[in-house]
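Taken straight from TrEMBL:
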| type | residues | note |
| --- | --- | --- |
| TRANSMEM | 21-40 | transmembrane segment |
| DOMAIN | 23-448 | domain 'Major facilitator superfamily (MFS) profile' |
| TRANSMEM | 63-84 | transmembrane segment |
| TRANSMEM | 91-110 | transmembrane segment |
| TRANSMEM | 116-137 | transmembrane segment |
| TRANSMEM | 181-202 | transmembrane segment |
| REGION | 228-248 | region 'Disordered' |
| TRANSMEM | 266-291 | transmembrane segment |
| TRANSMEM | 303-325 | transmembrane segment |
| TRANSMEM | 332-353 | transmembrane segment |
| TRANSMEM | 359-378 | transmembrane segment |
| TRANSMEM | 390-412 | transmembrane segment |
| TRANSMEM | 424-448 | transmembrane segment |
| REGION | 455-543 | region 'Disordered' |
| COMPBIAS | 469-479 | compositional bias 'Acidic residues' |
Amino acid sequence: MGRPDPEEGQLPAPVKPPDGGWGWIVLLGCFVITGFSYAFPKAVSVYFKELMKDFHVGYSDTAWISSIMLAMLYGTGPVCSIMVNQFGCRPVMLIGGLLASAGMILASFTTNIIELYLTAGVLTGLGMALNFQPSLIMLGTYFDKRRPLANGLAAAGSPVFLSSLSPLGQVLLEKFGWRGGFLIMGGLLLNCCTCGAVMRPLDMGMKRKMGKTQDKYEAKEMLPIGGKSEEGISTSDGNKKAKKAKKKPKKGKKLLDFSIFSNRGFIIYTIAKFILVLGLFVPPILLVNYAKDTGVPDTEAAFLLSIIGFIDIFARPACGMVAGLKWVRPHVAYLFSFSMLFNGLTDICSARASNYTGLVIFCVFFGISYGMVGALQFEVLMAIVGSQKFSSAIGLVLLIEAFAVLIGPPSAGRLVDALKNYEVIFYLAGSEVVLSALFLGVASYCCLNRGKKKEPPLDNNPSGVGGSDTEEAESDVQEAEEHSSDNHQPAHNTDNAVVAANEEANHVAEEQSGEGGGCPAGDGEVSARDGCNADQMVERDSF
């Protein structure tokens, strides 16, 4: 008897997230990847002045390097989803780490700004995108109960790396120049390959455990069970062949699952996130120039961003812990809506801040609200679509966000040039964030909660409804149970069967004599539903 193939339905393996163990190593890798993905495009701005001198270009020309990196990070979401669904997370992350490192290494040998766009912008941006999205998918695979906390801790990588990569870049620039700095930064990005290597697929460990369990099962089957052992083996082999003949061929896995657009919660989340991104990044981008225009010295103005980053480091894990509470997690979408509302009102209330103290207070509250948004954004998406469809969902969401990133900050910059007034920009950005918060909260309550109350109870096997993976797993479980019962049935001892039948007959006779024949002896549960009273049913259920 060989070990049954898991693909044949003999070993059902609905993989349960361990919520720990190797998952903490995966969390550490996700922390590093998130830090590089979000902080690296901003940290590269340290080299802009030297690039302007060497290539004789303006600030807007060099700023396109960071813009292209972010555009690749967001815009290549569907490509990342397709690659993950086709090849898995670990190979995609290893390729992404090599591309990100190669982009910065090649950028250190460039001779014009166009080459920088293609190397540091496109190649490095694509590499970081191929790392960022799979790391979040793996995080959702390894964590379930502790997933909000895990998302919060992973999201803290962004402010931690931002506060460390910028000073490091300045030191490298002073000692080795921008070319040497790019070369060393490219070497640092090879750590993404290390993070990708630790992203072990969860089903590998489960297969090992299942193999040990099956070995024990086979050992029990091979024990001497009398003259009927050969009959049991031949019967099980015959049943196995019959199962193979009857089993339907499984459908191939979709490279990009567009069926998530039939999920109303996903539609609401996507629209709210698009509106949010239009105004979320505007205040931190314009904050330093706004402070300088109000008379704040350059060093103190730059320190404002450090305040936001420092508060953000602690806000994200703290918000993840709160979101993981039993009475909060079912309503995590409303907590996300509250965090967006908090952020938008902070922008609006601080629009008239005219001194350094007022700007510091704004940075404190903005850091808290910004950290809450960063910790909850992907947790809410995972809760809406589930881990099975998250790889496709995040790719499509990031693609839609890419358009908002290209519209929001550039439009705000043009309005500043036209109006020469930062106050209007803060009002506009805050209003967009508040609008997204109200839309998410109201739409979730009206379209989702009320829809659940009105919907009738679903059948056990509804037609045309999603969840094919779950139904397939359940059918595999049923097949495995039937196969197991077929294997054991010929090997049962006939004496035990006779004893069990006698005991059941005595029990039925006692019931007939005690209850006055209120229920026929051989009808079982069906007769109990039809002719027996509630007391008799309870008594039978107790046995």
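Cβ coordinates are placed from backbone N, Cα and C, and glycine is handled just like the others.
All annotation found in TrEMBL is predicted automatically rather than curated by experts.
Values in this document were obtained by computation on a predicted structure and should not be read as measured data.
Within its own chain, the transmembrane segment (181-202) has Cβ neighbours under 8 Å at 15, 17-18, 22, 25-26, 28-30, 32-33, 36, 40, 47, 88-90, 92-94, 96-98, 100-105, 107-108, 120, 124, 127-128, 131, 134-135, 138, 141-142, 169, 172-173, counting only residues six or more beyond its boundaries.
Tallying C-beta pairs under 8 angstroms between the transmembrane segment (21-40) and each of 63-84, 116-137, 332-353, 424-448 places 116-137 first. Nonlocal intrachain contacts for the transmembrane segment (266-291), taken as residues 6+ away from its ends with a CB within less than 8 angstroms of a stretch CB, comprise 260, 300-302, 304-305, 308, 333, 337, 340, 343-344, 347, 356, 359, 363, 366, 370, 373, 377, 380-381, 384-385, 393, 396-397, 400-401, 403-405, 407-409, 412-413, 416, 422, 425-426, 428-433, 435-437, 439-440, 443-444, 447-448.
Here the transmembrane segment (116-137) has Cβ contacts under 8 Å with residues 29-30, 33-34, 36-37, 40-41, 44, 51, 55, 64-65, 67-74, 76-77, 79-81, 83-84, 89-90, 92-93, 95-104, 106-107, 110, 154, 182, 189, 192, 195-196, 199, 378, 387, 390-391, 394-395, 398 of the same chain, all six or more residues outside its ends. Ranking 63-84, 332-353, 390-412 by CB pairs under 8 A with the transmembrane segment (91-110) puts 63-84 at the top. Long-range contacts of the transmembrane segment (63-84) within its own chain (CB-CB distance under 8 A, at least 6 residues past either end) are made by residues 37, 40-42, 44-45, 48, 92, 116-117, 120-122, 124-126, 128-130, 132-134, 137, 255-256, 391-392, 394-399, 401-402, 405-406.
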